[in-house]
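**Q** The structure under discussion is supplied below as structure tokens; questions concerning it will follow.
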Amino acid sequence: MTKPLTISQVQPKITLQWRAYFEMTKPKVVALMLLTVLVGMCLSVPGIVPLQPLVAGMAGIAMMAGSAAAFNHLIDRKIDGLMARTYNRPLPKGKISTTKAVTFAVSLGSLGFVVLYTLVNPLTAWLTFASLIGYALVYTAYLKRATSQNIVIGGLAGAMPPLLGWTAITNELHGYALLLVIIIFTWTPPHFWALAIHRRKEYAKVDIPMLPVTHGVEFTKTCILLYTILLAIACLLPVLVGMCGPIYLVGSTVLSCGFIYKAWQLKFHDYPELSMQVFKFSIYHLMVLFIVLLVDHYFWVNA
């Protein structure tokens, strides 16, 4: 006779499964994205952000972003199992079945949409839905496998969060929010290309046409350097239109110089670890840049 499972035996399995679901949402990526959402919200009003749209907006956008990440896991599950960086993900490892993953992704996205539509505003709900489709279907399912410019074109979906935060509070599209989108859109290619250089052989193995695979490492390094210069220019736009003050100007200039320096090192020095250094620096660059935007907004623009 088979012995029934005890609570002490069942609980670890449930915990592991929920950890797998949580991992599918790419929490670190979503956390950085939510920072840009929050900054978009704060910059949209001169004073304190209204609590209700702030909480509901952050929750709804987070759920739909997590859903998009889960769809990414689903679509990429076969190639993930062949790459060293991703073979340990829940689906390749069999921690979650495909059916359960689909149910989770659809449920999380639907709940997020309902929250945004009913508790925030329809504009934010539909824009977030468009971003989900852009990332999960247009980028992951098509562009990623179709062109070496996948990151450039598909980067628009990933650049939307500050605009979503802005519309969550104001219920309107504003030019200032679009400037923040331009910054992230320009930041995305050098960020991902640096990682792609480090993982070039893995991408080639699974036939993903990342730029280092199709055009070579040296060409990619040149593109990274050029894009960091373009990003430095994009980061000045909020100052040029009067959106930000000297705190942001100084902070963004220092960050831009640092990014250009790292890209210059990558281009002209042949150290294997430099590509990952650029990749990691780019994450800190975006995070600190948006924190500086927030500080400038409250301690200078509205002082």
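Heads up, the Cβ atoms here are built off N, Cα and C, so glycines get one too.
Because the structure is a prediction, the values reported are computed rather than measured.
Quick paste from Swiss-Prot:
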type	residues	note
TRANSMEM	29-49	transmembrane segment
TRANSMEM	51-71	transmembrane segment
TRANSMEM	96-118	transmembrane segment
TRANSMEM	123-143	transmembrane segment
TRANSMEM	150-170	transmembrane segment
TRANSMEM	177-197	transmembrane segment
TRANSMEM	223-243	transmembrane segment
TRANSMEM	244-264	transmembrane segment
TRANSMEM	281-301	transmembrane segment
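Where in this structure would I find these features, and how exposed are they?
**A** Within its own chain, the transmembrane segment (29-49) is flanked in space by residues 57-58, 61-62, 65-66, 69, 158, 161-166, 168-170, 174, 176-177, 180, 184, 243, 283, 286-287, 290-291, 293-294, 297-298, 302, which lie at least six positions past its ends and keep a Cβ under 8 Å from the stretch.
Tertiary proximity for the transmembrane segment (223-243) is limited to same-chain residues at least six positions away from its ends with a CB under 8 Å from its CB atoms, namely 43, 175-176, 179-180, 182-183, 186-187, 189-190, 193-194, 211, 249, 252-253, 255-257, 259-260, 262-264, 266-267, 278, 289, 293, 301.
Note on the transmembrane segment (281-301): residues 32, 35-36, 38-39, 42-43, 162, 180, 183-184, 187, 190-191, 194, 235, 238, 243-248, 251-252, 255, 258-259, 262 of its chain, located 6 or more positions outside it, place their CB under 8 angstroms from a CB of the stretch.
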**Q** Using a Cβ cut-off under 8 Å, which residues of the same chain at least 6 positions beyond either end of the transmembrane segment (123-143) come close to it?
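**A** Result: 57, 60-61, 64-65, 67-68, 71-72, 75-76, 109, 112-113, 116-117, 149-150, 153-154, 156-158, 160-161, 163-164, 167-168, 171-173.
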**Q** In terms of Cβ proximity under 8 Å, which residues at least six beyond the ends of the transmembrane segment (177-197) contact it?
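**A** Hits for the transmembrane segment (177-197): 36, 39-40, 43-44, 151-152, 155-156, 158-163, 165-167, 203, 210-213, 217, 220-221, 223-224, 227-228, 230-231, 234-235, 237-238, 241, 243, 259, 263, 266, 275-276, 278-279, 282-283, 285-286, 289, 293.
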**Q** Quickly jot the same-chain residues contacting the transmembrane segment (51-71) by Cβ under 8 Å, restricted to those at least six beyond its ends, or write none.
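**A** Sequence-distant neighbours of the transmembrane segment (51-71): 24-27, 29-30, 33-34, 37-38, 41, 101, 104-106, 108-109, 111-113, 115-116, 119-121, 124-125, 128-129, 131-132, 135-137, 140, 161, 164-165, 168-169.
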**Q** Are there residues at least 6 beyond the ends of the transmembrane segment (150-170) whose Cβ is under 8 Å from a Cβ of it, and what are they?
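**A** 33-34, 36-41, 43-45, 49-50, 53-54, 56-57, 61, 65, 116, 120-121, 123-124, 127-128, 130-135, 138-139, 143-144, 176-178, 180-185, 188-189, 192-193, 196, 209-211, 290.
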